[in-house]
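See structure below.
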Amino acid sequence: MPSPKAKNPGRGSPVLGGVNGRYEFMSLTKPPPLLLQRQGSDPTTARLRVSESPTRRRGSSSSTGSASGQAPPEEDGIRLNPSFVRVALSSLLAIDLWMSKRLGVCACEDSSWGSVRPLMKLIEISGHGIPWLAGAVYCLYKSDSAAGQEVMLNLLMGLLLDLLLVGIVKAVVRRRRPSHNRMDMFATFSVDRYSFPSGHATRAAMCGRFLLAHLVLAAPLRVLVLLWAGLVGLSRVMLGRHNVTDVMFGFWMGYCQYNLVEMLWLSPQTLQGLLGQLA
């Protein structure tokens, strides 16, 4: 009579089966021998398991990062932070836009100082390039002395140089005019839709220095020249034509343009020699 233990093994018994009347027990910690044999007979599966090991992945990633010279993610995050110079420039730009909008009190008729707008537009015309070019040509034509012709000739050259340099800078920078500006300016050109720098400010600074240096003026007239140059720059911001930095850079640029005019100074004899060579 067979043993009851052989017929009805215990629940959860690790009995695998009998071979030649003997029973073998499976180990709960080791895989079956048949499974070990299959894993050992498949080298591809073994290699895949080794490559998927967490330790293997960590080791391979660290070795790859050190070999390629890449910085860890923490350093990448630090590198993406904005620099101090960029933050400072952004802050200055925000202050510039805020001040320009607050000072644009004559941008339209219903502004706080809208009644002063006609006077500001008159000052604007006094610093425009066309009246200055026409006045320089007329004075050069009517001048009787060689000294007067020389002064007017170089003033005309400075005005043309100013138009050229301001046009180049405006075309390169392409800064738009303030949003509260009304495009009702006198005799605008293609580059006049850009704001940086202010051509009126460059012209006022250059012509102011030129008049103070080459014309004999009394002290009250010299004060009036300086006052006119300052009012031209102020009118650009009050009318909403330019930002504050446009005018400030324009004054500096016009100051430097006068130095360039002095370096390229033309005398009537030099001009006649150049015209003779061209002829």
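Cβ from N, Cα, C; glycine included.
No curator has checked TrEMBL annotations; they are predicted automatically.
Note that this is a predicted model, so its numbers are computed, not measured.
What TrEMBL lists as compositional bias 'Low complexity' is 60-72.
Feature annotation from TrEMBL assigns domain 'Phosphatidic acid phosphatase type 2/haloperoxidase' to 150-262.
The region 'Disordered' feature in TrEMBL is assigned to 1-77.
Annotation source TrEMBL lists transmembrane segment at 151-173 (among others). Sequence-remote contacts of a segment are chain residues at least 6 beyond its ends whose Cβ falls under 8 Å from one of its Cβ atoms, and for the transmembrane segment (151-173) they are 129, 132-133, 136-137, 139-140, 143, 189, 191-192, 194-197, 199, 202-203, 206-207, 210, 214-215, 250, 253-254, 257-258, 260-261, 264-266, 268, 271.
Note on the transmembrane segment (210-231): residues 123, 126, 151, 155, 158, 204, 251, 258, 261 of its chain, located 6 or more positions outside it, place their CB under 8 angstroms from a CB of the stretch. Marked as transmembrane segment by TrEMBL: 210-231 (among others).
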